[in-house]
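Novice: Would you mind keeping the following structure in view while I ask a few things?
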Amino acid sequence: MYRIGNGIDFHKLEINLNRPLILGGIECESEFALVGHSDADIILHAISDAILGALALGDIGQYFPDTDPSLKNIDSKIILVKCLELMKEKNFDLVNIDCTVIGERPKITPLKDRITKSLSNLLNLPLDCISVKATTTEKMGALGRQEGIGTFCSILLEKRS
């Protein structure tokens with residue numbers, strides 16, 4: 001049996017040299033930072049939501065509510081690990097992921113290899129089962145005005161026999 005999951009996450013983008021920009025589990029050299037209750041890693045959040053969606057287990061807000069002060073600035077790797085544990089408990093394995101980052105800045109292409117390698121390590125997936133792409137909104141809307149960035153992620157899970 002296979003299950004497909006989709007995840008999406010958006011965060012406000014700001015210039016902030018005192019907060020790191022975290023994407024796909026790596027710290028990126030940038031004048032930009034994402035605003036959020038957690039470390040605001042939009043890639044790991046979208047992957048985590050996709051896993052939960054494929055398993056029909058809700059979303060990360062149910063497990064890690066932004067109203068819980070103890071979760072302030074939580075490392076998104078902790079969120080992902082919890083979702084992977086739930087996946088294993090349900091006897092599923094991750095087959096592949098496909099992520100698209102949407103926004104004008106920061107440019108993702110120079111970061112793609114590092115992000116993909118990080119995801120490979122975090123997810124225990126071969127590199128050829130991980131796709132990280134980027135696109136813009138052609139300067140339209142809030143993302144086009146560089147007010148934020150987002151990520152869409154699709155995943156495939158396979159039930160262990």
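Cβ atoms are placed via backbone N, Cα and C, with glycine included.
Got these off Swiss-Prot a minute ago, pasting:
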BINDING   9-11, 37-38, 59-61, 64-68, 135-138, Arg145  4-CDP-2-C-methyl-D-erythritol 2-phosphate binding site
BINDING   Asp9, His11, His45  divalent metal cation binding site
SITE      His37  site 'Transition state stabilizer'
SITE      Thr136  site 'Transition state stabilizer'
Novice: Beyond Asp9, His11, His45, what residues of that chain have CB atoms within 8 A of the centre of the divalent metal cation site's CB atoms?
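Specialist: Here the nearby residues are Phe10, Leu34, Gly36, Ala40, Asp41, Ile42, Ile43, Ala46, Gly150, Thr151.
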Novice: Among the binding-site residues listed here, Asp9, Asp68, which has the most company in the form of other Cβ atoms within 10 Å of its Cβ?
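Specialist: When each Cβ's neighbours within 10 Å are tallied, Asp9 tops the list.
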Novice: Can you check which residues sit near His37 (4-CDP-2-C-methyl-D-erythritol 2-phosphate binding site), meaning Cβ under 8 Å from its Cβ, same chain, 6 or more apart in sequence, and list them in order?
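Specialist: In sequence order, Asp66, Leu71, Lys72, Asn73, Ile74 meet the Cβ cut-off.
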Novice: Which of His11, His45 (the binding-site residues) has the most other Cβ atoms within 10 Å?
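Specialist: By the 10 Å Cβ neighbour count, His45 comes out on top.
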Novice: Give me the long-range Cβ neighbours of Thr136 (site 'Transition state stabilizer'): same chain, 6+ apart, Cβ under 8 Å, in sequence order.
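Specialist: When sequence neighbours closer than 6 are ignored, Thr136 (site 'Transition state stabilizer') has Ile102, Gly103, Glu104, Leu143, Gly144 within Cβ distance under 8 Å.
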Novice: Return the residues near Pro65 (4-CDP-2-C-methyl-D-erythritol 2-phosphate binding site), defined as same-chain residues 6+ apart in sequence whose C-beta is under 8 angstroms from its C-beta, sorted by sequence, else 'none'.
Specialist: Leu71
Novice: Do me a favour and check the Cα-Cα span between Ile60 (4-CDP-2-C-methyl-D-erythritol 2-phosphate binding site) and His11 (divalent metal cation binding site); whole Å is fine.
Specialist: 15
Novice: Would you kindly give the Cα-Cα distance separating Asp68 (4-CDP-2-C-methyl-D-erythritol 2-phosphate binding site) and His45 (divalent metal cation binding site), rounded to the nearest Å?
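Specialist: It is 17 Å, counting Cα to Cα.
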Novice: Do me a favour and check the Cα-Cα span between Asp68 (4-CDP-2-C-methyl-D-erythritol 2-phosphate binding site) and His11 (divalent metal cation binding site); whole Å is fine.
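Specialist: Cα of Asp68 (4-CDP-2-C-methyl-D-erythritol 2-phosphate binding site) to Cα of His11 (divalent metal cation binding site) measures 18 Å after rounding.
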Novice: Please report the number of other Cβ atoms within 10 Å of the Cβ of Thr137 (4-CDP-2-C-methyl-D-erythritol 2-phosphate binding site).
Specialist: 14
Novice: To the nearest Å, how far is the Cα of His11 (divalent metal cation binding site) from the Cα of Thr137 (4-CDP-2-C-methyl-D-erythritol 2-phosphate binding site)?
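Specialist: It is 15 Å, counting Cα to Cα.
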